[in-house]
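First comes the structure, then the notes that go with it.
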Amino acid sequence: MNAFPQTIHFIGTNTPRRVEMSVRNLAVEGEIPAEIEGAFFRAVPDNAHAPMFEDDIALNADGMIAAFTFTDGAVDFAIRYVETERYLAEKKARHALFGKYRNPFTDDPSVKGVDRTLANTTPVWHAGRLFMTKEDGRGYEINPHTLETVGKWDYYGALKSETFTAHPRVDSETGELFFFGYEAGGLCSDDIAYGIADKDGNLVSEQWFKQPYIATIHDFVITEKYAIWPIFPTTADLDRIKAGGAHWAHQQDLESWIAIMPRYGKVEDMQWIKGPVGVSCFHEVNAYDDGDLVHIDLCLTDTVAFSFMREAGGIHRDQQSIQGALTRWTIDMSKADPQIEERPLGPPGDLPRLADADQGRPYNRAWYLSMNPEAQGPPMLGGPVGANFNALLRIEPGNGRLTMMAVPPGAGISEPAHVPSSQEGHGGWLLTVVDIPNGPPGGNPADYSSELWVVEADAVENGPIAKIRTGLALRSQVHGAWVSRARLDASKVR
Ligand code: V55
Ligand code: FE
């Protein structure tokens, strides 16, 4: 097969683009603040080849790394494939050799044993290096100046885990990177590896523990005292995978869990706290200590947001019926048997961002994507889930104060990156790509223009202060990362 299926995973902003390129001096409307100097890296899954199976999904597309680079008010754009072992094997064959998402039993026999990871989820900057990550494998190092792939990253041979999360957490005060890998011991292993890399990028600790079932653990949180894994009942089953089935199926009747331990402690000190049944979350916003209390803020839904994970679990619900809220879970660690207290903080949504300095600490603002209740019609289809968002929210979790930036009718918005300001009392800026349909609603769903909007982080309701027009239709991003000029200049790879 050599055509792309016409499903939500390949239409709208998920239309395969497959173009590696660089463009200098994009058209800028408005003024770019002088302090925005550096690069906004974006992880973009984009199939180099048509998939082997009609029911393939957007999460199974080759990783591309894109960058918007800001230099003296000018903006350049570049995008390249991450040259994973898998990408290179298929490039040589000129067609797909790897089958279904996280199912090696569906691969062409010629690639048995070849690393399957796609490095397509999050660009991660730590200790002078840039990585592209996906939770099913180890990260790949990228040259931040050229976007060339340097190679697979294993902490100079020290890393034991076969996987590395797409959501490590960096404590900006200590410079340490806290990470984990699940299915750390190989396909469907119930092992979780918990690791810490110091500010110089050396692996200083790696401990393994077991989870109660083989869950997809997409994200975790740290506080100044703790490392915390909220675990939700979307589970893997080796027999199903061997039979050519889905890696993940949601278990609507199974409880969720919180695993919590001192962040510099031993996994033997892990405490397990039971959570509500059937719920799901891919991204936590943040967590922090408040005396003996620990607050964990998360994008919670009443079932899993990905339709293919619901279907594999026999859950028949359409995307619009999913309920959720930005939710605070509070646990009292002074209790012998801590329980989760739950309260809503804000409207449903996902793809939360935080100022880097607020990681794991009390914080008074965050941003996330949601749906504009007053939109004229839905946004274009696309994005990892197959349904885009059309509003950017800023929330003050302490008092619930909410402000919103809407995008034009039919447009979709991707996860913003936060650029801090050194000016006293200035909250910095957000950079976010907005995909705007070129024609009227119902027109060609692949025909849109991608713009990078610059927004005052504390005044999102005012809309963009500058728009950078790419003149291109870019495929949907998953996550992004802002890296300042100072960090780029001090990068270890030249
Ligand atoms: C997510 C994304 C992935 C994945 C698993 O957004 C979860 C959630 C882009 O790949 O493999
Ligand atoms: Fe994610």
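If you go along the chain as it appears here, the first residue is 1 and each next one adds 1.
Here the Cβ of each residue, glycine as well, is placed from N, Cα and C on the backbone.
What TrEMBL records for this protein:
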BINDING   His167, His218, His283, His479  Fe cation binding site
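Under a cutoff of 8 A between CB atoms, and with a sequence separation of 6+ in the same chain, the neighbours of His167 (Fe cation binding site) are Thr122, His218, Asp219, Phe220, His283. Shown are the binding-site residues His218, His283, His479; the one with the most C-beta atoms within 10 angstroms of its own C-beta is His479.
For ligand 1, the binding-site residues lying close by, meaning a CB under 6 A from one of its atoms, are His218; the full candidate list was His167, His218, His283, His479.
DSSP assigns His283 (Fe cation binding site) to a strand segment in the three-state reduction.
Listed in chain order, the extra residues whose Cβ falls within 8 Å of the Cβ center of the Fe cation site residues His167, His218, His283, His479 are Thr121, Thr122, Thr165, Ala166, Asp219, Phe282.
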